[in-house]
């Protein structure tokens, strides 16, 4: 498009004359395009590969979407909120899925707390209905089962890191104390994991006799036990040490070995065996 610049002092009659000339039909021009026009056309042609359709705005945005970046660069390239957004799938009217993901993380305080939430914890949250609740809960359960499967493949005493990861995912962020038994076979491979006691923030009743009875029923040769401290502090209490001694001695009467007792927090664990207390 061409623009005509009119100076402030230009004669009005000249303006009318130009108007009459503009109204007359213009003769076809055979003028050769200017060098500037040719250069502009050449640059425009060079910017677009021959035969390729022009890149659309949607295509350019697609390169920046989390799904595309995950497939191209791996999941480590995404933030916590972006990974949660992929699970949620879509947002709400006026709020995109990324805003919803950030809201969820802020509501629960951390990614671990979000993924450890029970189905009832999502009730009343705008944008999180039964379908999305099921997806979030299922993802964590799949991770737990994968770690348990890994624990069954080799002796647990040979892979303490796998035990730590499994226990932190299992009970590390529970809001109440939970006592867990990992029943092992003669080769110290995982046979079964069971929660044998539940308590409050500071108190829990554990019955060694019931644990021994269950170990015999599963034909277990050894046990690893664990409980969480909701406070996050993993230093064992005097009651924890006393329970460990009682349980170790009760299992020894039926020739079952207590290999370790873990105290589990959200980001750390304490091993009685490593401390030399078993």
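Just so it is clear, glycine is given a Cβ too, placed from its N, Cα and C backbone atoms.
Noted in Swiss-Prot for the protein shown:
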BINDING   227, 229, 240  Zn(2+) binding site
COMPBIAS  22-59  compositional bias 'Low complexity'
DOMAIN    156-278  domain 'MPN'
REGION    1-64  region 'Disordered'
MOTIF     227-240  motif 'JAMM motif'
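Mapped onto DSSP classes, the domain 'MPN' (156-278) shows 40 helix, 34 strand, 49 coil. Listed in sequence order, 227, 261, 263 are the same-chain residues at least 6 apart in sequence whose CB falls under 8 Å from the CB of residue 240 (Zn(2+) binding site).
Using the Cβ center of 227, 229, 240 for Zn(2+), the list of other same-chain residues with Cβ within 8 Å runs, in sequence order, 177, 228, 234, 236, 237, 263, 264. Just so you know, the Cβ of residue 229 (Zn(2+) binding site) picks up 23 other Cβ atoms within 10 Å once every protein chain is counted. Summarising the environment of residue 227 (Zn(2+) binding site), the number of other Cβ atoms within 10 Å of its Cβ, over all protein chains shown, is 24.
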